[in-house]
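Taken from TrEMBL as is:
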BINDING   Lys121, Gln184, Gly216, Asp247, Lys390  UTP binding site
BINDING   His217  substrate binding site
Amino acid sequence: DFSKAMSQAGTSQFQEVIRQELEYSMKVELDKILATASSNELEHTKKDLEGFKKLFHRFLQEKGPSVDWGKIQRPPEDSIQPYEKIKARGLPDNIASVLNKLVVVKLNGGLGTSMGCKGPKSLIGVRNENTFLDLTVQQIEHLNKSYNTDVPLVLMNSFNTDDDTKKILQKYSHSRVKIYTFNQSRYPRINKETLLPIAKDVSYSGENTECWYPPGHGDIYASFYNSGLLDNLIGEGKEYIFVSNIDNLGATVDLYILNHLMNPPNGKRCEFVMEVTNKTRADVKGGTLTQYENKLRLVEIAQVPKAHVDEFKSVSKFKIFNTNNLWIALSAIKRLQEKNAIDMEIIVNPKTLDGGLNVIQLETAVGAAIKSFENSLGINVPRSRFLPVKTTSDLLLVMSNLYSLNAGSLTMSEKREFPTVPLVKLGSSFTKVQDYLRRFESIPDMLELDHLTVSGDVTFGKNVSLKGTVIIIANHGDRIDIPAGALLENKIVSGNLRILDH
């Protein structure tokens, strides 16, 4: 036992030496990069690289999944409230004064590359020529006009989206919404083998674009604070932010949740509220809220030990998942940021660059900070508050007559008899937005659709109706044109356009 203990001590000593060497090498490389910054880049590059250094230090310290599965418990009954209960409280007469304490923050760092688009994802057209950003501005403008309030919009951009977004913001200069932006940090990607940055200088244009990345939306706390905007908004009397992904079209300002935050029934305010919703088979990988060491904690699939992944995906054991619609107290962000007390697990995201080089990027997720805040709460909201558009399959749903558009908000059509959204799977011929748009002469009537699968070279004529379960599969080399005016109800259409009853 003695020799075993000695060899273990030796191993951990050896690991510690290697860790220190890696940190030292990283510091040398980062200093070299910083030395290439111009005087006007110096300050923010320094902040970015300091933040990265802290993250890298933690990455070297932590090993394996960061949750001890045995400690995970179901959250206590009252820590996740049903939305109905919060709505039942109604609204106060002075809802405008409550609204004036709110800031809407949209996470706008993502590019539209997964849908074959260049530039910020928020500038993709989603409905009647309106982009994600248009709809967001319309929603807030409608609020401000209806209640005579001044709810501002804040966009967290990344270095990938900042220029294009700022150009487009000029078109809203006459709208009744103050729009602010700040940039999330810019961190260096590291070579998977050497664990050193692949960037040699601070530039991020031309061939250097692949050297840098925005470190996930967990970066919001530090970059919001560093930008000075957090202090400005607190100075204006703002108290809460409502944060959501700009591609979640269900994430509109909810007055009942806001009232619950500002006027809590027990007099004790929540610093952090996470909207969760019930899992379906499509959401088994979504992060879930658990009780862990007497705190609410978000557990993501990447943190789960391999032996428990199936249990984590179980819809019966973990019934809810995080929508990433979050309500957070500004004063709490300031307090925790100043104490350096926001604790978020590191997400290691491996990538292969165009030239074949394997890199890793270290990221964090905004919802993971829930355990650092006091008096956190989950609210189980209707599925309609989670309507993300990640793919053209999602785009087809929101462009169709399943939804009606009113003042920037999409609501499920009253003509649909059941509240669930159809399951739509479009094949690889539809992945890019341009190809997708070319394949539909008009968006089909989907009011009575349950399930649609389309694979291969398929086009749709005008005024097609889809009902029940429809499966359309064009074999390799074949093409299927669904004729204008066709009604497909519970049909399988295959290879050579034989239409079979399903």
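From the backbone N, Cα and C atoms, a Cβ is placed for every residue, glycine too.
Of all the binding-site residues listed here (Lys121, His217, Lys390), it is Lys390 whose C-beta has the fewest other C-beta atoms within 10 angstroms. His217 (substrate binding site) is 15 Å away from Lys121 (UTP binding site) when you measure Cα to Cα.
A separation of roughly 8 Å, to the nearest angstrom, links the Cα atoms of the residue listed as 'substrate binding site' and Gln184 (UTP binding site). Residues within less than 8 Å, Cβ to Cβ, of Gln184 (UTP binding site) and separated from it by at least 6 positions along the same chain comprise Gly109, Met156, Asn157, Ser158, Pro214, Pro215, His217, Asp219, Ile220, Ser223.
Among Lys121, Gln184, Gly216, Asp247, Lys390, the residues given in the record as binding UTP, the maximal Cα to Cα distance rounds to 21 Å. Summarising the environment of Asp247 (UTP binding site), the number of other Cβ atoms within 10 Å of its Cβ, over all protein chains shown, is 22.
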